[in-house]
Amino acid sequence: MDSNHEKLRKRIFEIINYINDVYKEINTFVALTGFEVWTDSDKIQVSSVAGDTLNRFTQWRNSDLIKRQKHDNAHLLSAVDIDGITVGVANTGSLCGSLSTAIVEDHNSNAIPVGATMAHEMGHNLGMDHDSSGCVCSDSTCIMTAKLSYFIPQHFSSCSSSNYVNYLNKRNPECLLNMPKPKELIQPPVCGNGFVETGEECDCGTVQGCTNPCCNALTCKLTEGSQCATGECCENCKIMSAAHVCRPKNDECDLPESCTGKSAWCPEDVFTVNGIPCKNGKGYCYNGQCPQREEQCIKMWGPTAVVARKYCYDQNTRTEYYAHCKHNGDVMCGKLFCENGNAEPNYGQLVIFNECKATFYSNSEDDYGQVDTGTKCGEGMVCNQNECVDLEKAYKATNCSAKCKGHAVCDHRMECRCEPGWLPPDCETPAESDGLREYSHCCGCLCDTSMRTGRLLQAQREHTIFIPVRV
């Protein structure tokens, strides 16, 4: 690998530009927020054994890198020859978590084949498996093809797209919903790549491919008279009124969002106030979710897993190395115990006795085997920091909406939002309706109008990556 820093920067940018070019078709933008070059000494032992190096890199990332630079995903790029024909390895379905890492061998003097390998390993981070014979690929090979070839892939297969949708729906990786600020990106803006970056008002892709009349593809500026080019609140190049619902209510723990009348983007996704009963009384709303042990077991052990019987949870009273609670009344808020399901967990190491299955983690700070915060542990009681406490102690949300002025209700951030048909700032002004009765914007609070995407593949997603480079 060339140790000249400027040449290395250009090489990294070329890799990221390729990744964004191929990830564009699944509406995902990879934002490079940093890279560091190990010139003085290696921060970890980098060996030809891929699994060992990945584990060491993951530990270093969690103990060092993540504390210095916020990011969603980290890839180690190294010229060390990995054993066999392997040129990369990644933790599957791990984005946004402590295992959101991969290592990539810098195996070619051309940056694009290396970019193809990084795009492949990133696909694993996003829950994609290797393509099988039953997958539909528009070229001779696609991004998630198992073996490297001379052909540089440009597309994802039908299986990869399906894997990605399933990952988004089942895992709900929240970091994909946070759009980084342009100043946080280190890659230079590229007019024509389809993503709005620093200095651009819009970006509709190449001149040949742009079909957006609101955007000048040559300059990435809005056309004359246009207020916007894209966004849930942009129609016919104009910003839509505050009466338009841009994100309908998803379920009983959600609140709908309306346009602001000032931005082309839908406001931040907000939810009902925490503590509202959900799923027919099986749970209580918490930050837009209805956490239940049943779903947590399925996430950990697969679709046939069920919640273990009460005597399994009594193990939480025994101060075991993998499970302990402060009080007997907290046992349903400690370690998650399940039965049936897969032989091995999706995360952590297996712990089993009788029919009771749990997981163990060497780093207690990354213990994903605990019962989730907000899970119901009794009538009017929820888990909070591994304790079973009453709703008011957990959320302090009793009569929150009664404190709101005018026609407003409280959301999960304890902020007041206007009821259907009423506009901020006082929630006393009627709104013109477009036929949908939904909640409007904040009332008596400051609103965050940053972009939040939907949960389906049709919506654009962004995640940030940090690349340590070993030279």
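Cβ atoms here come from the backbone N, Cα and C positions, even for glycine.
Any TrEMBL annotation is an automated prediction that lacks curation.
Looking up Cys400 in TrEMBL gives a disulphide bond to a cysteine among Cys404, Cys410, identified as Cys410. Of the cysteines Cys228, Cys234, Cys237, Cys266, only one is given by TrEMBL as the disulfide partner of Cys246: Cys266. Checking the candidates Cys135, Cys191, Cys202, Cys204 against TrEMBL, the cysteine paired with Cys159 through a disulfide bond is Cys135. The disulfide bond recorded by TrEMBL for Cys418 joins it to Cys427 [selected from Cys416, Cys427].
Residue counts for the domain 'EGF-like' (396-428) under DSSP, split into helix (H, G, I), strand (E, B) and coil, are 3 helix, 9 strand, 21 coil. The average pLDDT for the domain 'Peptidase M12B' (1-180) in the predicted structure is 89.
Of all Cβ atoms in the shown protein chains, 24 besides its own fall within 10 Å of the Cβ of Glu121 (active site).
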